[in-house]
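Features of the protein shown, as given by TrEMBL:
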DOMAIN    A:14-433  domain 'DUF112'
TRANSMEM  A:12-45  transmembrane segment
TRANSMEM  A:57-76  transmembrane segment
TRANSMEM  A:103-125  transmembrane segment
TRANSMEM  A:132-154  transmembrane segment
TRANSMEM  A:160-178  transmembrane segment
TRANSMEM  A:190-214  transmembrane segment
TRANSMEM  A:253-277  transmembrane segment
TRANSMEM  A:313-337  transmembrane segment
TRANSMEM  A:349-372  transmembrane segment
TRANSMEM  A:384-402  transmembrane segment
TRANSMEM  A:408-438  transmembrane segment
TRANSMEM  A:459-478  transmembrane segment
């Protein structure tokens, strides 16, 4: 590994890492633009590079393509990537309360520590940890997702019924198109574009970014935005680090483990970590209203999940998500085939990837801190100028994802849906969580039933899935407690 | 008679005029290609960028053409993500001006047979085949099965118990059914696990007992760095569905050697919209053929365990008809 680390300090390689991290942060910060897109567009440029240089550039882009999402999620309430959806729930209220620097500083510190801790796991435990990716069966995954589903109840806010309805609506959105298990086309309503269903990015960008643009446009004349241009609190103090260290450690652990599991991803990692942080918090009522713990949990987990995803990718050649598959494709073009053979056939590349992940984490930390003042200024630009630019980025980004206009209409449609839901008092958190988790839950449950020829009993008898279901029930009861108490207090007050 | 003669002259004149007009109309209706190509050539890839061997093959073609000066104009690659039908439909309706092409593989036939698209390869102009990869049949070592015959006998004596990982309705599922059909009564339990990368964790975890990896997947998951079978891998290769043994695993017999009439290879085909000028089709095919002599292309194909296998013209059409006849009914069964 030392050789791999030393190789990264070669000037051209450092330049590649710097470019990779910088472009990753920029792409991550702009709603609609994704890491997959960046890697795919960069790929032809790398044809003339050596495999080491190409790997450095692509891996640096890969590991930092969601870090920038923190910025737009916090300053504009528009997550640059779906991975930062949970950050939006607390980052924006905290920034709005006059602490944009503090909110970003917390997020940057959390994502730095999350990346670093996941790197330690990657560098030291790749082989044993990669086994996790194959140990869990479909029923275990389903039970894990059920555990995360209870988050819907816990983030429903004041109105539990509305929260559950929003969560249910989010689940419904996953149904149209080719079903993930049998390949059947369903609920197409004669619309050809629906064959791929409502895709992840257009829906989330619509619900968060476009919905926010609509809301801002309607209020733009009545409410000139106060310019908050402060980066106070940007650097996390030692005291804060000590205060948040259990949260950082726990969230990074969750992020790394969830990252290892194929097909789950950073959004779920962030959601689970957020739930656990809320359950552990002494002030759970602050979640969704600017909780520092919420930002830390979400950012540490989503960045750790990227490092976690590298573990099965390198050790077994298993891609956990679309961007992983594209990275594998890109490396293959450079005659590098991630998988069991790679440790034996290309050890220099393996250690280079691991070293690049570490160096990119430090470069990202420095760049994020350096760019924050600039971003805060950008966020302070009058909305009349800023919103059209963001809207153009959303449209261009979402269109270029698959080069189909249907995705753009989906994004705009879900912008309207999100706007109307929020106006009607429905919380968007449950809607998004329902949407993110339902697809995985359906695919895994049906896969499990195929394995067992229709027998569901292993879900309850297998030790792992049964334990996870029990935990899910405990979490549900636990998360409902404050709601019950609140209602009971309200009843007592009424009675008095 | 004169009148008759005059009438004949008029008739001849009319016939001549009609012929010339028809020829002119035909010439004008077909886009004139002074020297193809005069502008960049667009290849639509109905997959997301970077995903899948065919996309990567086309990106290699793009680089090979640019570096090897195989065309006076560059290739632009246009990825249409989401399910294949979206990109295929767009390509079918693209202008047939000699500058629009689409790359796809056998998946188009499985989609058509399953009724997921209402068009097929017959609705395009076939242009060329660049290369192909063939499937293997592998089992988990824990099954104790060491030969194809043992596998088929087990699948026949204990039907619906051996779990076969596949992407249901897709190529590896169709292939699995074809293997199952080699022995009467043999029946696998097909489970949705996706392609090679999705199936391997399930096999390594012991939940999948049999599957059809591509040659690249089998190389990556079953062999060690020295090219010999990896003793730590759970994958036991039984047979290869190529026309002859694969250089990566020369000890694995072909189905034909084992007495079964089964060759199952996935071809990387380039098509053009119907009505594309022949000059462009021939020019594109010549470019594909020339690309196979490039070292970079050969290295790429080797890295994907693919075989460069150029085919164009009538031979290509005949091969597509042969594959369609073999796949049609099985793919329809896979969809149900």
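Glycine residues also receive a Cβ, built from the backbone N, Cα and C atoms like all the rest.
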Mean per-residue pLDDT in the domain 'DUF112' (A:14-433) works out to 84
Assess whether the transmembrane segment (A:103-125) lies in contact with the transmembrane segment (A:57-76), where contact requires at least three Cβ pairs under 8 Å among residues 6 or more apart in sequence. yes
CB contact flag for the transmembrane segment (A:12-45) and the transmembrane segment (A:384-402), at least three pairs under 8 A: yes
Quick one: do the transmembrane segment (A:349-372) and the transmembrane segment (A:57-76) have at least 3 Cβ pairs under 8 Å, skipping pairs fewer than 6 apart in sequence? yes
Using Cβ distances below 8 Å and needing 3 or more such pairs, separated by at least 6 in sequence, tell me whether the transmembrane segment (A:132-154) contacts the transmembrane segment (A:459-478). yes
Is it true that the transmembrane segment (A:160-178) and the transmembrane segment (A:408-438) have 3 or more CB pairs under 8 Å, sequence gap of 6 or more? yes
The transmembrane segment (A:190-214): which same-chain residues, six or more beyond its ends, come within Cβ distance under 8 Å? 31-32, 34, 72, 76-79, 82, 85, 88, 173-178, 387, 390-391, 394, 397-398, 401-402, 404, 406-419, 422, 428, 431-432, 435-436
Residues from the same chain, set at least six apart from the ends of the transmembrane segment (A:384-402), whose C-beta lies under 8 A from its own: 30-34, 36-37, 76, 78, 196, 199, 201-202, 205, 209-210, 213, 216-217, 220, 378, 408, 410-411
Long-range neighbours of the transmembrane segment (A:459-478), counting only residues six or more past its ends (CB under 8 A): 136-137, 139-140, 142-144, 146-147, 149-150, 153-154, 275, 279, 448
